[in-house]
Amino acid sequence: MFPGHSKLEWTFAVNAWIFGAMVGSLCCGHFSDKYGRKKALMGNCIFMIVGGVVQASVSNVWLFALGRLIAGISSGTATATIGGYINELSPPHMRNTLGLGLQIFTTIGILVPAITFFFANTSSGWRYLAAFPVILAAVYLLLAPSMCVESPAWLLTQGRKEEAKEVIARLYGEEHVQTALSWLEVSKTSAEEGLIDSAPKKESMFAPRYRMQLLGGIMLSCAQQLSGINAVFYYSGSIFSDAGISDSRVGTLIIDFINIWPAFFTGVLANRFGARNMILWGLAGMVVMSIGMTVAFIVDVSVLSIVFTALYVIVFGVTLGPLVWVMTADIFPDSIRASASSLCIGINWLCNLIVGVSYP
């Protein structure tokens, strides 16, 4: 891409996106609480556009790293905001299912570049891929003002009850306004005072009564990234090459394709068995598959390596992968959801950065 750069420079460029995502996710909670979820996501499009333009137009590795840093800020903001936004718009019985959309479209976003490598792997083809987020941001900015609504939960915490009712009526119909209001997890104080007070009392995510939820959210975020899933993706090409597939892109494509489908079944399974049980079973299953992969590598049976790698990705994709986004949004009340999710997802990206820098 940029002739003459060193391996260290490329490492900085690759991980600049992850670092930017960590910064974006840690900072977005404040803006989401102050300006609302809808405006935060619309403002985030600016980073998408600037990051895409910089990456697609630069001619040296350090400016490319800057573009990735800016694009990373948009990615971090999106991952930290969307889960809570969907949670606050969804009826309780559909939150698990609708919340999975973030994971599904994330995996699709991972798959698309793997596909384009087969026909855009030219000296300038990557620039079109880097610029694609500009189109996504432009479409969102065009459609969001008329098609997206502000979170009614956020409106209630701001004392804007009538606006919240209008949003709920648009989402569910006038006849369901009172029912939908009862879904919103507003504390008794907020419900009695905040709805009429233009400056409702703010709560801290570090308050003693939220300590266990915050600790649980942080541990979930760490577990997702430190589970080893990224290492599997990093080395999937090598695993398939050892099995006789000379083109490493094919192995990457297969793993990325497998990664999409498990999340479609997560909603049904989580509603049936519970998200907590799914997480625990997923961790146990990943341990078993990791042992299987290790044994297969030791005995040098490449077919078994592929089988256990695929099963590992499937177990992750149906449990820890999607449910972390859902549970991180679900375990916090509306009053601290944005700030707490911001911290948890920021730590998620920090763990991602640690893995990315640690693995050769």
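The backbone N, Cα and C atoms fix where each Cβ goes, and this holds for glycine too.
The domain 'Major facilitator superfamily (MFS) profile' annotation in TrEMBL covers 1-360. Averaged across the domain 'Major facilitator superfamily (MFS) profile' (1-360), the predicted model reaches a pLDDT of 88.
Annotated transmembrane segment per TrEMBL: 12-29 (among others), in sequence order.
Per TrEMBL, the feature transmembrane segment maps to 41-63 (among others).
Away from its own ends, the transmembrane segment (69-86) comes close to residues 16-29, 32, 37-38, 40-41, 44-45, 47-48, 50-52, 54-55, 95, 98-99, 101-102, 106, 133, 137, 151, 325-326, 328-329, 332, 337-338, 341-342, 345-346, 348-349 of its chain (Cβ-Cβ under 8 Å, at least six residues beyond either end). Taken from TrEMBL, the feature transmembrane segment covers 69-86 (among others).
With a cut-off of 8 Å between Cβ atoms, the residues of this chain six or more beyond the transmembrane segment (98-120) that come close are 79, 82-83, 86-87, 89-90, 126, 128-129, 249, 252-253, 256-257, 259-260, 263-264, 266-267, 317, 321-322, 325-326, 329-330. The transmembrane segment annotation in TrEMBL covers 98-120 (among others).
Under the heading transmembrane segment, TrEMBL lists 126-143 (among others).
According to TrEMBL, the feature transmembrane segment maps to 214-235 (among others).
Marked as transmembrane segment by TrEMBL: 250-271 (among others).
The feature transmembrane segment is assigned by TrEMBL to 278-299 (among others). With a threshold of 8 Å between CB atoms, the same-chain residues lying at least 6 positions outside the transmembrane segment (278-299) that come near it are 220, 223, 227-228, 266, 269-270, 305, 307-309, 311-312, 315-316, 318-320, 323, 327.
Same-chain residues lying 6+ beyond the ends of the transmembrane segment (305-326) with a Cβ under 8 Å from its Cβ atoms: 79, 82-83, 87, 95-96, 99-100, 102-104, 107, 220-221, 223-224, 227, 229, 232, 236, 239-240, 242-243, 254-255, 258-263, 265-266, 269-270, 275, 278-279, 281-283, 285-286, 289-290, 292-293, 296-297, 348. Residues annotated as transmembrane segment in TrEMBL: 305-326 (among others).
Feature annotation from TrEMBL assigns transmembrane segment to 338-359 (among others).
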The transmembrane segment (214-235) versus listed stretches 12-29, 41-63, 126-143, 250-271, 338-359: most Cβ pairs under 8 Å: 338-359
Long-range Cβ neighbours of the transmembrane segment (41-63) (under 8 Å; 6 or more residues past either end): 1-2, 5, 9-10, 13, 24, 28, 31, 35, 69-74, 77-78, 81-82, 85, 127-128, 130-134, 136-138, 140-141, 144-145, 148
The transmembrane segment (12-29) in contact with the transmembrane segment (338-359), cutoff 8 A, at least 3 CB pairs, sep 6+: yes
Beyond the flanks of the transmembrane segment (338-359) by at least 6 residues, Cβ under 8 Å: 11, 14-15, 18-19, 21-22, 25-30, 32-33, 37, 76, 79-81, 83-84, 154, 205, 210, 213-214, 217-218, 220-222, 224-226, 230-231, 234, 324, 328-329, 332
